Amino acid sequence: MPKLLLVVACALIDTDGRILIAQRPEGKALAGLWEFPGGKVEPGERPEDSLTRELAEELAITVKKECLAPLTFASYAYDDFHLLMPLYVCRRWQGIVQGREGQALKWVRPKALREYPMPPADEPLIPHLIDLL
Ligand SMILES: Nc1nc2c([nH]c(=O)n2[C@@H]2O[C@H](COP(=O)(O)OP(=O)(O)OP(=O)(O)O)[C@@H](O)[C@H]2O)c(=O)[nH]1
């Protein structure tokens, strides 16, 4: 059984019902693909704390834990690890979203998500977002 990797991700939703996606920068695994902001849960961290930390680091926003609602999760066998990725939704945050790590950002309607190449783990998440919005 390959290593289980726990990654938390978030669909930020704006007042027009659009979802934020970020493009993975060059040099990283899966570079160029569009993903939901988030990252690995570090040892000793609660998942919601990892997510608020990643959102601050990547996007310069402050998110309260009460504003994170669980939506669904991805479970996907990559070659070298098995990804388990809870997806939260968030409609309320403090600050202005900016890409702090040089990543491109886009606000996209749920039905348009398929136009952006995403990691294979993410594809099954799209119908859940379409249903939600
Ligand atoms: N944040 C995020 N990660 C995703 C998504 N889909 C998906 O397969 N992943 C995978 O989950 C892992 C997330 O790791 P990460 O973003 O924290 O880490 P990273 O590869 O940037 O590495 P590093 O933080 O050690 O530099 C990566 O292997 C990434 O490919 C997604 O929608 N959002």
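Note: Cβ is positioned from N, Cα and C throughout, glycine not excepted.
Summary of the site annotation: TrEMBL records 8-oxo-dGTP binding at E35, F36, P37, G38. Screening the candidates R24, R53 against this entry identifies R24 as the one listed for that site. Max Cα-Cα distance over the annotated 8-oxo-dGTP binders (R24, E35, F36, P37, G38) is 11 Å. Taking all protein chains in view, 19 other C-beta atoms sit within 10 angstroms of the C-beta of E58 (Mg(2+) binding site).
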